Amino acid sequence: MTGAKTNQVDQRPLSITDLLHFIPYDLQQTFLFEAILSYGKIYNLYPIKWVFLIALALFEIGSLICGAAPSSVGLIMGRVVAGIGSGGLFAGAILLVAEFKPLNERAFYNGMLGAMYSVASVAGPLMGGAFTERVTWRLCFYINLPLGVVTAVIVFLLVPNNYDSGRDSRRGLPLKKKLQEMDLYGLVVLVPTIICILLATQWGGTKYSWGNARIIALFVVGFVLFVAFVVIEIWQGDRAIVPPSLVKRRTVWACSIFSFCLFGSFLVVAYFLPLWFQAIKGDTATESGIHNLPSILGTTIFSVAAGGMVFGLGYYTWACILGSVLAAVGAGLLSTLEVDSNAAKWIGYQVLYGAGCGFGLNQPLIAIQAALPDFQKSEGTAVVIFMQTFGGTIAIAVAQNVFNNKLVSNILAAGIPVDPAALLSVGATKLQGLVQPQFFGRLQLAYNDSITQTFYVAVATAGLSMAGSILIPWLSVKQAVAPEDAETANTVMPFQHPSSDVDLAMPAILRQSGEIASEDSQSSDIEKVPRNNEVSTYDSQTSEVEKSSVGSTNRKVESIRN
């Protein structure tokens, strides 16, 4: 359970600042971002099973260090180790499913994975708050140990050792060549880039004004470093940690935009809605978790339901679009919450918002599986998860700025005799003790307005996610091929039946018969025969398939199959 962050090694209850800093800039977060992209390469170079188990071991070691930390330095180091390990866990789980299940069945299983991920994102911090208040903050980390052991035993016993040994030819490279494949130059430049961006978004408007020289300098340096990172990636080519050939794909960048925005919206609601229950309804951390169940259940149920519907219909783009719409509407309704809002409102709004996130959050990972060939799936998965995580971090930082600034201005405008800094440093459940009884009603109104303002950030990011969702190609997960350029070779109109196996195999058939020029005369045409004797056609966007008669085609199909 990494959601609960403890800024000081003590037994005090979580303050508002603590809660807002569950996903802030710190050393662990930077290493987490680095690790996510690194694992995209590592999973291509080494067997998925063993990489996953090593990542899990690092996460467990980091959790143990955090739980036993005698000082803040030890806690930070433990978080770094845990972050390096956790960066490979979700991507590894997705890739393990991809290895054992055909494309059309992955939607359902990935839906269940996404549901558990969403539940953990919401429930983890709330459980951490309860542990901190009632037991000890160390339990936030110790609880990971038995759960990790059970996971490791299951993976070790049930996943074969050499099931994916032929997945990527680069696995046979010597260690020196594998290190060159890791794009160390890009990784080194990416670290300060992330630090500058996160510091600027976290400090701007709170610790320093947006026009402060420090904030401007951070943005300028971050931009320059980002440009340098892009240049390095272009120079590295396919060795890059984010290969340019991958970024050029419409599915990858559209899914990245969608994931960045929708997950950012999801985390804003996940972390500020419990504050509303604690400050406005007087809940404890545990009670706010119970009142947050409609959101958790909505996300979980509709994530699994969306996976089943994608499995049945064959398409996932519709779920992304619907998810964006429902999430934006749900977040908008949450922004209307008042001090006296009844249970029917906050339950209904949560269910609607949870449905939107459930429908949409997991679909980009299905899109990556459908649109990319095997050798790019791990890198594509890592890029989408990176953008998802980074989007959540940026959205939380922006929402925190909105909350802090609005609360201070509301306190001053209402003439409430309380120090805003002191208000931000105590727990949301301790508000009543800060002011005299006659001022508490005004304080609640100020607090309610400040929290609901953060939901506008969730509305905006959910709305922006629609730009990505409508650009995701309509591909079918029911087709038996995974072309390298599926976005053009295998795109059909929504809800049409997929092409027959003869139609899908046409490019390979014609090439083998000599009716289409060889690879040397075409623009990046690649052919690959995947597992289970499936015919896979890889067509570039510029190549065109020549027509042939049905009778001739059928004879060639039979000849090839025999």
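Including glycine, each Cβ sits where the backbone N, Cα and C put it.
Range with Swiss-Prot annotation transmembrane segment, chosen from 288-308, 477-497, 498-518, is 288-308. Using a cut-off of 8 Å between Cβ atoms, the transmembrane segment (111-131) and the transmembrane segment (455-475) share fewer than three residue pairs, counting only pairs 6 or more apart in sequence.
ASN448 (N-linked glycosylation site) has a Cβ environment of 19 other Cβ atoms inside 10 Å. Proximity of distant same-chain residues to the transmembrane segment (383-403), defined by a Cβ-Cβ separation under 8 Å and at least 6 residues beyond the stretch ends, is recorded for 20, 22-25, 29, 32-33, 36-37, 40, 90-91, 194, 197-198, 201-202, 204-206, 242, 246-247, 252, 255-257, 259-268, 271-272, 364-365, 368, 450-451, 453-454, 456-458, 461. Same-chain neighbours of the transmembrane segment (80-100): 2, 27-29, 31-36, 38-40, 42-43, 48-49, 51-52, 55-63, 65-66, 106, 109-110, 113, 117, 141, 155, 159, 163-164, 167, 365, 369, 377-378, 381-382, 385, counting only residues six or more beyond its ends whose CB sits under 8 Å from a CB of the stretch.
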